[in-house]
């Protein structure tokens, strides 16, 4: 398979054959199978938050942050669901990873599961585009191999959601058997579902999975593992990023105008060799160009407001 | 434009059926406090009749059930609960055995609340007004089903496009024509009888002057009353783009306009629709209602139904819908 041709197709949002997807997923699985639960990455690297199928915004992200040809990226998960181009977004990242294996790290988000993608759009998108669910199954098998976290220069811990009461040290994450559908509870679930909040200790999450954790939990985790920052995604931030707990944790959100209706900007975070943090803010691609031609064609029925 | 507005009824109804199918509705509050027995069965029976009469509307119902978006289910649950509780509270406060009470649902669409409350309060008269197309479809469905007819009272007259019984009146009326509304009220309701007026996603589709004329005239028509309204608000344009994007999305996807979304863009501004020296207005966003009024136990029940993937988004969206109540 010629990866560059597939990349060109995906960037244009064009149809990719079922056979091509099958082969891509198989090769990606072989690559991911050998990755640890927590991978090590060196600076400089750009950390990216939720993408959610917003392919055109993902292209903006690459354009504005230098591109994968010259830069390293860590994606914190939630590649699929909600947006109209989940498949193309996920496959583009996967293809980039195959093409430039040392420049792309992909961490699993809470949407990279069979159960969630059936509710939030990815499954429906595949059935709409292919007439059957085969491609969805291939992608879900890749989801099971995505890593759970990354560590930059031994100092920055990257994860999709947050901390878990079952995880004190990184070795406890290394011990997880990750190659499965995300369970409804336990360490693997919490890493993908938890949120930081102004709480004094572990608290129940309003989402129905994972926990809320506060400054105490963050400080302790940073201290125990000799980290200075937890970089996570998972929560919409209107300003694109939000630092909490005296800079010990940051939320990075990379889906501008989320779901084409939230009006937020997006951000990515570049960690320099000095571990300095540089945020790059970007806006959503408009739905139409100056003369009214659709940039983002949509066949989705509009049910997204209460009317 | 009228057609685009009329179509929103099918969205609202589809969302409600979806919330029922995913067990958000009815809540114990609806079943126990509001006494809305047979909530699911009656709504499903209506949806089944819709299948035979308007395939397109029924298609929307099916799509909504298939998609079953948790965020939409939360919002639909809250908006339904808010208005159900307001109906029940009004009826409980205003009702005593000897005096009559009235409920006027402006832009009623396929709403079925009258079925549950006419049953419980023999002294209640209910008036449903909406566009001719909505009313005629609703009248047909209500007349076809014996259970509906038994509750509403046998329809009088041969006119198939309306439903008129002793206690229930379903009539077509463009709410922009205030005089027409007043004519119907004069003919079918009593100004001295305490009246609850409901506008659920109705005022937002009207022009500023026409919506204000409707409010002012209906309020002056009744001696005492309560007006319960549910609508979106646009937010402050300087630092909040939600409203402008909502206007653009709805215009581009379905030519639907929300003329006053950015005018009544905050709870304070929205309350001005109803404020003068004679009225007392309470208003809150639906997010505030969810946080403050829904007990923890019920919140736990909701989150056990489906995984809610994004609380921040739910907060953002529900903060752009308001529930107001004005009494005079």
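Cβ coordinates are placed from backbone N, Cα and C, and glycine is handled just like the others.
Heads up, TrEMBL stuff is auto-annotated, nobody curated it.
As given in TrEMBL:
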- B:79, B:107, B:174, B:175, B:200: S-adenosyl-L-methionine binding site (BINDING)
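Checking the binding-site residues B:79, B:107, B:174, B:175, B:200 against chain A with a Cβ-Cβ cut-off of under 8 Å leaves B:79. Residue density at residue B:200 (S-adenosyl-L-methionine binding site): 23 other Cβ atoms are found within 10 A of its Cβ, drawing on all protein chains shown. Contacts of residue B:174 (S-adenosyl-L-methionine binding site) defined by a Cβ separation under 8 A and a same-chain sequence distance of 6+ are given as B:2, B:131, B:180, in order along the sequence. DSSP gives residue B:107 (S-adenosyl-L-methionine binding site) a coil state; it is part of no helix or strand. Residue B:79 (S-adenosyl-L-methionine binding site) counts 23 other C-beta atoms within 10 Å of its own C-beta, drawing on all protein chains shown. Here the Cβ of residue B:175 (S-adenosyl-L-methionine binding site) has 23 other Cβ atoms within 10 Å, regardless of which shown protein chain they belong to.
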